Amino acid sequence: MSESSASTLPPGRPSRQAFIHQESLSLDSSCFSSPPVTFLQELPSYRSIARKRTTILPRDKQSGTLLKPTDSYSSQLEGEITENLDNQSIRKYALNISEKRRLRDIQETQMRYLSEWDQWKRYSSKSWERFIEKAREMTTHLELWRKDIRSIEGKFGTGIQSYFSFLRFLVLLNLVIFLIIFMLVLLPVLLTRYKITNSSFVLIPSKGADIQCTVYPISSSGLIYFYSYIIDLLSGTGFLEDTCLFYGHYTIDGVKFQNFIYDLPLAYVLSTVAYLALSLLWIVKRSVEGFKSNLIRSEEHFQSYCNKIFAGWDFCITSRSVADLKHSSLRYELRADLEEERIRQKIAERTSEETIRIYSLRLFLNCIVLAVLAACFYAIYRATIFSQEHMKKEIDKMVFGENLLILYLPSIVITLANFITPIIFAKIIHYEDYSPGFEIRLTILRCVFMRLATICVLVFTLDSKITSCDNYPCELCGYNQKLYPCWETQVGQEMYKLMIFDLIIILAVTLFVDFPRKILVTYCSSWKLFQCWGQQEFAIPDNVLGIVYGQTICWIGAFFSPLLPAVATLKFIIIFYVKEISLLYTCRPSPRQFRASNSNFFFLLVLLIGLCLAIIPLTISIARIPSSKACGPFTNFNTTWEVVPKMVSTFPSSLQSLVHGITSEAFAVPFFMILCLVMFYFIALAGAHKRVVVQLREQLSLESRDKRYLIQKLTEAQRDMRNRLD
Amino acid sequence: MGGSGSRLSKELLVEYQDLTFLTKQEILLAHRWFCELLPQEHRSVEESLQARVSLEQILSLPELKRLIALHRAAVKIAMQSAWPSACNTANPFKERICRVFSTSPTRDSLSFEDFLDLLSVFSDTATPDIKSHYAFRIFDFDDDGTLNREDLSQLVNCLTGEGEDTRLSASEMKQLIDNILEESDIDRDGTINLSEFQHVISRSPDFASSFKIVL
């Protein structure tokens, strides 16, 4: 073959030919020379790869393994082993078991030539590995719901499995939050109350606070109807109000153990800070992995097609129907991606006139979205005020149903808003002319914002009610004492109600909507209507939003109601089983499937948004609103946060000045600047790396072209040699 | 169930544990499944290790289980669903998988050890290198050592479903394969070789979670 012909061939061809040549060559060379190695493997580039992946034997050695005589093999394997004597586990070789067995025999015979010390070392490392393995096997049995999650994964694939793993993560998170609060706040109180340790309460010394502010009438128990117990249980009023479930119960200044006074207010504030910080750190730690891969992929759809094709099939899927769903979702996804590419081209070709039209349309539609959001927020605001105003006055006169309705009005309005707005958003997004992928993400983001912001609106409404007094001056206590003698407890009750109502809704939907629907669809399948309706889809985004909403409530409420994390833990455990049952028996997996890598990051992102939204109202109520004077550990402080400066003032002076230095502007501003500089440095570094990657890629393709050319030359030369010999 | 009398010897178990990524329980479970495919009289340990099971037989196992389940109320539905999905009728790559893992000359049947190999590669603990290596061999439909355009189009068809109406159109397919090669074919020779494939896979976020089988 001449040089010119090789260079004029289309890029796909020469390699093919080179490949064939190489194959024939390798056969020939095995006749000529003793080591059956194709010379391609002697190329430096191949060697470096082989050293990096000693575990993988070149592919052509495996084809027809059993057909070949084994002698040439074992010699090769022996070579491999002598090459890497660092005793790699045999199972990491890509061989079948009989090959591996032989490999092990070789390894063992080689062992005999080693010194005793080496033999002992080898032996002990092996038994250590075995021990580790056994330990790991044991620990997997301790994992919560391992079996359930694995069987779900086996049936429905990894997308739905990631939802359940997420749920399990939330259960653990809430459990840990509860343990923190329990250890710091509850345990000292309980130990003293039930006289387990020899300790006593330190009561709050009455400071010159106005007597009017300290009035806290706990609703007297006169004649109690039976139903009022139920109402109390559902809304946290009555007999539940003065239990350790709520803030108002902790009206003590400290616990005195022999000669050490446990500062309860400080512990209370610190536990709040601790659980928020812990949640933040835990979420960030979990999302770092997903963030990395997300960042890599976001670079101009880097490898998105390869990921979809090579890692597209979920080998966990067993059931026929789920496999069909997976087929169709893959088909849909691939088509959508190709479509998106075409749309992107179209956008690039768009005229300025069209661009203006689309942007103005989007602006208009976004205004509508904002209007919808505003309307929902206003409705929640009105409902909260109405419920707050009517709750206290008419509690005796009202009948059971009406009473409960008023108590639960904010929760009902919030749930309704969360039910209606996603439908509106889904309709609106169609007219905005985004690419399909972006469409889904934007809708989900809007729903997330809607769901989580509603809780914030509720809390802000309560806050504004608390700090506004109608007809007498608020200066006395700093908040509306008449309506809210112990406002923290009331906010806690509101959160408690939201949490219970959310659970009730989830249970009711499963029991009274999904289950009858399933029965109708299965047993009345002759009716066209029911068939079109179909079973309930198990839509992952909605479900995730639901549990993140619950978690946000828990974060906000845990300050006002220290036992709320425990309630949340129980609630998530119940939800886990309910969802599992509904997935197995009443729902079908959604045709639009989620990828595990995608969804894990998305879930945590939504959770992070929830945490941020929870921190805002919490900081305001801790740092701004005066703490109630009638109840709680902070009756002697203006705001809750004042505990911390007070504690700092008891520090030794050097430490005090250090703390003041760190919190002052003189430190914060330069610190912020330095952080910005570091960030810019990393951004610039990333840009440089990106450029280097492009250059290296070009160089690689050049090198490979060189290599192919050289191989051709070499084969020609060898053939010439042989011809001359003949 | 069926293989109650035939338990693997301790030495053999330890050996399999050394050579594969499976745990003891998983190996025993795999052996039990395998024995169910054999006729009742050939279920001793020695015979089960010698025997080979054809592809059709393995594919028929879920149906077989259902029949047994009808007769014996004690057999749980869980057993049915636990049959590994590699050999399930739902898996579009089942024939490729059996071909890659078979050690018989005609490449159409699996011995117990082949079966263990298969489960080991698809287990949670197998290294990414091993997984990508076998993934490459499974996707290499014509067994020529590289993924060329035909392999890729066959692969895409497996993913989207084989039916006439479910396939991508020719132009879509061409666009798709062009995109794949653009992303992964580093040396621009029109095919994807093993090291290119492993390079791509090492950066694929989904591969580790999707290329596994839950026992």
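Glycine too: its Cβ is placed from the backbone N, Cα and C atoms.
Residues or ranges marked as domain 'TMC' in TrEMBL: A:486-597. The residues of the domain 'TMC' (A:486-597), classed with DSSP into helix (H, G, I), strand (E, B) and coil, number 89 helix, 6 strand, 17 coil.
Using a Cβ-Cβ cut-off under 8 Å and counting only residues 6 or more beyond its ends in the same chain, the transmembrane segment (A:169-191) has close neighbours at 144, 197, 199, 244, 250, 252, 255, 262, 264, 267-268, 270-271, 274-275, 278-279, 282, 286, 547, 551, 554, 558, 562-563, 565-566, 568-569, 572-573, 576. What TrEMBL records for A:169-191 (among others) is transmembrane segment.
What TrEMBL records for A:224-248 (among others) is transmembrane segment.
Taken from TrEMBL, the feature transmembrane segment applies to A:260-284 (among others).
Annotated transmembrane segment per TrEMBL: A:363-384 (among others), in sequence order.
For A:405-431 (among others), the entry in TrEMBL reads transmembrane segment. For the transmembrane segment (A:405-431), same-chain residues at least 6 beyond its ends with a Cβ under 8 Å from one of its own Cβ atoms are 231, 234-235, 237, 361, 365, 368-369, 372-373, 376, 379-380, 383-384, 386-387, 390-391, 398, 439, 442-443, 446-447, 450-451, 454-455, 458, 494, 497-498, 501-502, 505, 542, 549.
Sequence annotations record features per position, and here TrEMBL assigns transmembrane segment to A:495-513 (among others).
Same-chain residues lying 6 or more positions outside the transmembrane segment (A:555-578) and placing a CB less than 8 Å from one of its CB atoms are 145, 148, 164, 167-168, 170-171, 174-175, 177-178, 181, 185-186, 236, 244-247, 250, 271-272, 275-276, 279, 455, 459, 488-489, 491-493, 495-496, 498-500, 502-503, 506-507, 510, 547, 610-611, 614-615, 617-618, 621-622. Look at TrEMBL and you will find A:555-578 (among others) tagged as transmembrane segment.
Sequence-distant neighbours of the transmembrane segment (A:599-620) (same chain, 6+ residues past either end, Cβ-Cβ under 8 Å): 159, 162-163, 166, 272, 276, 279-280, 283-284, 286-287, 289-291, 293-294, 444, 448-449, 452-453, 455-456, 459-460, 463, 540, 544-545, 548-549, 551-552, 555-556, 559. The transmembrane segment annotation in TrEMBL covers A:599-620 (among others).
The list of residues near the transmembrane segment (A:667-688) in space but at least 6 beyond its ends in sequence, with Cβ under 8 angstroms from a Cβ of it, reads 661. Per TrEMBL, transmembrane segment is recorded for A:667-688 (among others).
Only residues 6 or more beyond the boundaries of the transmembrane segment (A:363-384), in the same chain, are considered here, and those with a CB under 8 A from a CB of the stretch are 409-410, 412-414, 417, 421, 424-425, 428, 431-432, 446, 449-450, 453-454, 457-458, 461-462, 465. Taken together, the residues of the domain 'TMC' (A:486-597) have an average pLDDT of 83.
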